[in-house]
Amino acid sequence: MIGAGEAVVRVLAGAGVRRAYTVPGESFLEVLDAAERHPQITLVSTRHESGAAFMAEAEAKLTGVPAVAMATRGVGASNLAIGVHTARQDSTPMVVLLGQVETSFAGREAFQEVDLPGFYRHITKWSATVYRADLLAGFVERALRTATSGRPGPVMLALPADVLGERVAPPETRAPLSPPRPAPSRSEARRAAGLLGAACRPVIVAGELSGGARGELVGVAERYGAGVYTAFRRQDRFPNGHPNYLGHLGLGTPPSVLRALEEADVVLVVGCRLDEATTQGYALPRREQAVVSIHPDPETAQLFPAEVAMAADVREALALLLELAPEEPPRRDWSGARTAYLRARRVPPSRAGSGVDPARAVAALRAAVPGDAVVANDAGNFSLFLHRHWSYDHPRTQLAPANGAMGYGVPAAVAAKLADPGRCVVAVCGDGGFLMSGQELETAVRYGLPVLVVVLRNGLHGTIAMHQLRSLGRTAGVEIEGVDLAAYAHSLGARGYTVGEEGELEPVLREALASGEAALVDVMTDPEIITPESRLQDLRRA
Ligand SMILES: Cc1ncc(C[n+]2csc(CCOP(=O)(O)OP(=O)(O)O)c2C)c(N)n1
């Protein structure tokens, strides 16, 4: 017999899980202990449960293998929730384990007691409390299968402290996870191939689940002569240097870049749930555009009216479309749309009156890091410049929350470095977002992870100032004091630099990267440059 906590951890390790991120708590001691001692699992202790959940989310987003986020009862569950919501909206597999009050205390609002499945129901695919130790291993197996199949997402198991204290038979050893890969229907694929082959202006929207089918995606784009867009914050799903690549469907996508999508007659949606930002507020694709969608989850495949909805494994479906592709790729000229994208991506000369133009800061970062660096970003207007001016040419290089969760950047970078230590990993944040989770730099230092954090500091919740000025003509609650972020980084054990001039930036970034230590570069940007197109002053005047 073994402890119930050890049974949980053995099932996780057997399925391929490699890390459990947590803030420890007294309600799940046995799981913490077993994770710490298991040879294939690293227990990563973080400074805040939101950091733990963001790390678990980012690791799975990067690797495709779920990680675990663990926390204690109501208090930990509350802090963890933002990362679980992120995993749900971003379709990322995650296993959440929450310690729960002892079963003999349950239902009396015991210390930190919350109905955890009730609390988590709306932000998970499945949530349950496990009341019997002998059933624990089976619940964990089901949690793993549910998290990784169909539209992936987070699942939660609440584990009462007394259940974890029991002893159980060792779980059976099972093969590592292999989620079902529904086969595409040949007749649907023929109809899809017919539509794409006969189209005048076919475009592809590559979404969250297209990452494992890059070769097939490029092949389909070339063989059908289709233009390609990437969904919101999934820019690494298609090589941005490819002549068929036409741009990113995000917040603030310029009209010139959207035009080819608006003019398309057939839209092939690949592994994408067509969220609000990707669809430009549910405006695109329009009803008269013929949609072909491919998604392993039948419901998601049919969220939008589609001529052909293929509920199938993305890679298999694309491979079948390739097999059915016309002998001669139809000639379609995307040069106009491609030029529009390249123009929008071009970094302009500095527009800064004081400090650094955020677009120039992105350019300096691009010059300093290798092309296959992983770039994790927070949410905020600073990210408009990153998404606009970066070129994502390599797979698995973008970690960005499609739900716009602030505080994501630093924890995501920590997880990326743990999961892929050989790659250069950078977090890009605004000062508002950095100050929500920047303490995870201490986690990076403790685990010896040389991540680079770049803060584009404008002293504002700039995004909100923009919305307020546009809607109401004045601002409220958006100021951020001039915290000495370099000194803060020092105090957490990392290197810290402050840069106020564009010319200083690239050498400082190179020095920080060469140091082999966790480092923060605080870039003072011009707060007036609020989007790639507008200045705060213009919004105030308008
Ligand atoms: C957790 C969370 N809280 C609040 C928001 C709303 N929000 C969106 S952007 C933003 C401001 C971000 O400020 P900062 O990180 O400094 O970036 P900036 O917009 O100034 O570039 C806020 C408050 C959010 N997206 N996430």
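Here the Cβ of each residue, glycine as well, is placed from N, Cα and C on the backbone.
The domain 'Thiamine pyrophosphate enzyme N-terminal TPP-binding' feature in TrEMBL is assigned to 4-115. The domain 'Thiamine pyrophosphate enzyme central' annotation in TrEMBL covers 190-319. The domain 'Thiamine pyrophosphate enzyme TPP-binding' annotation in TrEMBL covers 378-523. The region 'Disordered' feature in TrEMBL is assigned to 169-190.
Helix, strand and coil counts under DSSP for the domain 'Thiamine pyrophosphate enzyme N-terminal TPP-binding' (4-115) come to 52 helix, 21 strand, 39 coil. Confidence across the domain 'Thiamine pyrophosphate enzyme central' (190-319), taken as the mean pLDDT and rounded to a whole number, stands at 97. Residues of the domain 'Thiamine pyrophosphate enzyme central' (190-319) grouped by DSSP class, helix first, strand second and coil last, total 46 helix, 28 strand, 56 coil.
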